[in-house]
Amino acid sequence: MGTVVEAANKGENGSIPEKNPTVVFVLGGPGSGKGTQCANIVQQFRYTHLSAGDLLRAEIKSGSENGTMIQNMIKEGKIVPSEVTIKLLQRAIQESGNDKFLIDGFPRNEENRAAFESVTGIEPAFVLFFDCSEEEMEKRLLSRNQGREDDNIETIRKRFKVFLESSLPVINYYDAKAKVRKVDAVRPVEEVFETVNAIFAPKIEKAE
């Protein structure tokens, strides 16, 4: 028991650097525009963008033992254990050479959140939550995903429901700690980034 957690704690080259990095969790439903805004933040404020999904896919593609295990779990419809995803995030943090990170689409649920904090010892500086109505997200996803509309609408609604059920408890947890920065993501991209800019700009001024 605990060996995966211990391995994740130690990472590949020992633990996370002594000075904890700045971590911002980025959450928002499918079609909320968080990917576009993450790209803007990276450009403007020199954060490193880490997507849990991308890291899992890259690990599978690498053909490593870990990647094969992840692939088999996904094939069998099992949920990849939090520690596995966290270990990949931790490794990416260690290898990046940066000290500011946007972690996109993670934690997906309360269990992810608790595991991330206990394994890495890192609490996020804040959570950037792109709040967007289901109608608007549906409209955006359908317009960029022309095809069999019924299937698309079904899938989109399912994804939205999963997001609400699993991610809202995480948002509520951090909201109680005054760590949620909610952004109205229904507006045009430029307007949304003005709000995002105002959230990140003071952090830069205070940077050492």
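Indices start at 1 and increase along the chain as displayed.
Each residue, glycine too, has its Cβ placed from N, Cα and C.
Other Cβ atoms within 10 Å of the Cβ of Thr36 (ATP binding site), summed over all protein chains shown, number 13. Residues annotated as ATP binding site in TrEMBL: Gly31, Ser32, Gly33, Lys34, Gly35, Thr36, Arg144, Arg187.
Residues or ranges marked as ribonucleoside 5'-phosphate binding site by TrEMBL: Arg57, Lys78, Ile79, Val80, Gly105, Phe106, Pro107, Arg108, Arg148, Arg159. If you take the C-beta of Ile79 (ribonucleoside 5'-phosphate binding site) and look for same-chain residues 6 or more apart in sequence within under 8 angstroms, you find Met73.
If you look up TrEMBL, you'll see Asn112 marked as CMP binding site. Cβ neighbours within 10 Å of Asn112 (CMP binding site), excluding its own Cβ and spanning all shown chains: 21.
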Quiz item: Looking only at Gly31, Gly33, Gly35, Gly105, Pro107, which of these binding-site residues has the biggest number of Cβ atoms within 10 Å around its Cβ?
Solution: Pro107
Quiz item: Say you check the Cα of Arg57 (ribonucleoside 5'-phosphate binding site) against those of the binding-site residues Lys34, Gly35, Arg144, Arg187; which is nearest?
Solution: Gly35
Quiz item: How big is the Cα-to-Cα gap, in Å, between Arg144 (ATP binding site) and Gly105 (ribonucleoside 5'-phosphate binding site)?
Solution: 20
Self-check item: Those residues of the chain, 6+ apart, with a Cβ under 8 Å from that of Lys34 (ATP binding site)
Solution: Val26, Leu27, Gly28, Asp104, Gly105, Leu128, Phe130, Ala185
Quiz item: Roughly how many angstrom lie between the C-alpha atoms of Arg187 (ATP binding site) and Pro107 (ribonucleoside 5'-phosphate binding site)?
Solution: 25
